[in-house]
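Asks: Below are the structure tokens for one structure; questions will follow.
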Ligand code: HEM
């Protein structure tokens, strides 16, 4: 095993109130303003919905523009793939898919931004770089139109496909968020030692099902984790000086070589998928069945009766995994979406509020 090192409508209430307002004018007999109101209402509705062709008129080439950047980045630095997919997941779980993770902390401000939370600081820079470069490319052609949140969602999809995963359509129309707080990160990002109960609870709280959770965990088919996330499993799992019995002995030995119990290099990472670390495939699930999951939270999926049948299904059928993953990414991409000026903004620079 090689262990590489790397330095719909518009707001429901307002649409209801608008309807009441229109109705009132009709009763009063003034038809012209009424018509104007209906037109305004329809326009608002169209603009506020997320849809695949949201930018059809305002920035029809947005996907190609982002695609030119993700293709290039992937060639130059393949770790941009896992980095951006993970960045997207973290963005969506904290405050919703609203680009809040991209905001830089303000100097002198009392509260740090999400980006500077301990967990987020661990994310690779390549994900942030991808979004910044893609935003620059998009701004040159369509200034002030496309949100950073949409760019991140498109880039994550591009990379899933570039590493061999499914291609799926990305709905667009997210606005960027106005809130980015480091303190919101910790309670919203799952830990490597979470139980299945804790995982299910957290994913359910985002409107995602058990199937979504197991399918999305398949993103660990690619990418790497630092030793600190699994070192306890290798030496002292339950505080009794013994390793986790659910780690394959060969994998255990290999991981111990790179991740000593004390004093190891903090930058060392190990691949999630020891068999095909650079290909997005169903091998991740097969590995779980062979006790070759890297994190306790990954391995737990094959030990719980609620998730085990899904692990088996995805391990045996790549198409089912791909379909479930694409559907789950679509649902993930809609978590906490902001629409309209009240809750959102359109940033020119993804790292700064508008
Ligand atoms: C189910 C609960 C999850 C847990 C406990 C978890 C935990 C982790 C941890 C601890 C790392 C390693 C961080 C590091 O050492 O730098 C990681 C990396 C990663 N995670 Fe997850 N994760 C979960 C779900 C997800 C989901 C839903 C996705 C995407 C849809 C995802 C995508 C990734 C990717 C691609 C990496 C590799 C990043 C890289 O190599 O740069 N994870 N995850």
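In case you wondered, yes, glycine gets a Cβ from its N, Cα and C as well.
Automatic prediction, not curation, is the source of TrEMBL annotations.
Among the features that TrEMBL reports, active site, proton acceptor is placed at 90. Taken from TrEMBL, the feature Ca(2+) 1 binding site applies to 91, 94, 96, 98, 100, 114. Sequence annotations record features per position, and here TrEMBL assigns substrate binding site to 190. If you look up TrEMBL, you'll see 220 marked as heme b binding site. The Ca(2+) 2 binding site annotation in TrEMBL covers 273, 276, 281. Under the heading disulfide bond, TrEMBL lists 59-142, 92-97, 148-350, 227-259. Under the heading domain 'Plant heme peroxidase family profile', TrEMBL lists 49-354.
For each feature listed, report its degree of burial, its nearest neighbours and the pertinent distances within the displayed model.
Replies: Taking a C-beta cut-off of under 8 Å and a sequence gap of six or more, residue 90 (active site, proton acceptor) has these contacts in its own chain: 101, 119, 120, 123, 185, 189.
Of all Cβ atoms in the protein chains displayed, 21 besides its own lie within 10 Å of the Cβ of residue 96 (Ca(2+) 1 binding site).
In the three-state DSSP classification, residue 190 (substrate binding site) falls within coil.
Cβ neighbour count for residue 220 (heme b binding site) (all protein chains, 10 Å cutoff from its Cβ): 24.
Residue 273 (Ca(2+) 2 binding site) falls outside any helix or strand according to DSSP and counts as coil. There are 26 other Cβ atoms within 10 Å of the Cβ belonging to residue 273 (Ca(2+) 2 binding site).
In the three-state DSSP reading, residue 142 (disulfide bond) counts as coil. Around the Cβ of residue 142 (disulfide bond), a 10 Å sphere holds 16 further Cβ atoms from the protein chains shown.
Long-range C-beta contacts of residue 92 (disulfide bond), restricted to its own chain and to partners at least six residues apart, with a cutoff below 8 Å, comprise 206, 332, 333, 335, 336.
Cβ neighbours within 10 Å of residue 148 (disulfide bond), excluding its own Cβ and spanning all shown chains: 30.
Taking the Cβ of residue 227 (disulfide bond) as reference, residues of its chain lying under 8 Å away and at least six apart in sequence are, in sequence order, 255, 258, 259, 264, 266, 268, 269, 270.
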Asks: Which has the fewest other Cβ atoms within 10 Å: 91, 114, the binding-site residues listed?
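Replies: Checked 91, 114; of these binding-site residues, fewest Cβ neighbours within 10 Å: 114.
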Asks: If we check Cα distances from residue 190 (substrate binding site), which of the recorded positions 96, 276, 350 wins as closest?
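Replies: Result: the closest of the recorded positions to residue 190 (substrate binding site) is 96.
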Asks: Using a Cβ cut-off of under 6 Å to any atom of ligand 1, determine which of the recorded positions 92, 94, 190 qualify.
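Replies: Close enough to ligand 1 are 190.
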Asks: Given the disulfide-bonded residues 59, 97, 350, which one has the fewest other C-beta atoms within 10 angstroms of its C-beta?
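Replies: Output over disulfide-bonded residues 59, 97, 350: least Cβ neighbours within 10 Å is 59.
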Asks: Whole-number Å distance between the CA of residue 148 (disulfide bond) and the CA of residue 276 (Ca(2+) 2 binding site)?
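Replies: Counting only the Cα atoms, the answer is 31 Å.
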